[in-house]
């Protein structure tokens, strides 16, 4: 039994393995040396250097003017930001395991027979492999198409030369796109910062506005309490005066009532001598009591409190006119009015 053959992966496994060994930049199998990023993704060192240089165009090393500061770029697979020191990509660790796997894979592929159909065949000449590139039509084709077929009058070139050129062009495009993605990510970060700062500034001005209105509420409440206190004081003074008058009139009423009772009792006295003895003083007291009825009175409208009314329409209008940026406009308007008044005074003086 061939135990070794059982260790060799089948075709599908080899294809899956090959996909894992493809560089996301050049889209080819990793070229040694292979470097591993902090995010655990792998790149050819050359490809890593290409995107690093594209993202940091002013950073040079290995023969150029050495920049003492590092740079950064983003992993093309996961967009994780990779921060470099002054050594650049040469400071990244090599992935020797991946390099060994590549060697084993290549050795296994070289020992396997070439599968039928692994090389693209010409559609016009099914037995011919595609081995040249038509520069005129910009399509790959076979030699028979150039000699006998549709591309006789076209300019062609070896497939390998065009292959290498377009690979290089595609790699450059990828590097340019990755650098562009980094710039877009930078813009996104700046816009996110703008959102954050906008929210912070909005919160700050809201707080300031709330404090200013709270101060206005406090002034209004203080003024309201002051004016209500003045009304209450006036009310108490008037009530004290009225209650004092009521007390005086009640005392007078009580005296008059007693005199009336005494006078009625005197009228019931049957004896003339007895009646005459008390009648004269009683009449005198009644006359004096009648004169005492001329006590103080309240003036007409004494109860009126209308003089405490307020006209707050102009203040209400000023409150309704509150808006952002009106302070400078009002100051400018007041300055204009003062200038107009000064001009009017100077004109009258000349006349």
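Placement of Cβ uses the backbone N, Cα and C atoms for every residue, glycine included.
The region 'Interaction with TTN' feature in Swiss-Prot is assigned to 74-218; the stated evidence is similarity to another entry.
The Cβ of residue 151 (Zn(2+) binding site) has 134, 136, 137, 141, 145 as same-chain neighbours under 8 Å, each 6 or more residues away in sequence. According to Swiss-Prot, the Zn(2+) binding site annotation covers 122, 125, 145, 151.
The annotation coiled coil is assigned in Swiss-Prot to 189-269 on the grounds of sequence analysis.
According to Swiss-Prot, the feature domain 'COS' maps to 267-325.
Positions annotated as region 'Disordered' by Swiss-Prot: 326-351.
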Counting every protein chain present, what is the number of Cβ atoms, excluding its own, within 10 Å of the Cβ of residue 122 (Zn(2+) binding site)? 18
Binding-site residues: 125, 145 - member with fewest neighbouring CB atoms within 10 Å: 125
The region 'Interaction with TTN' (74-218) - residue tally per DSSP class, helix then strand then coil: 85 helix, 17 strand, 43 coil
If you take the centroid of the Cβ atoms of 122, 125, 145, 151, the listed Zn(2+) site, which other residues of that chain have their Cβ within 8 Å of it? 123, 124, 128, 130, 141, 142, 143, 144, 146, 149, 150
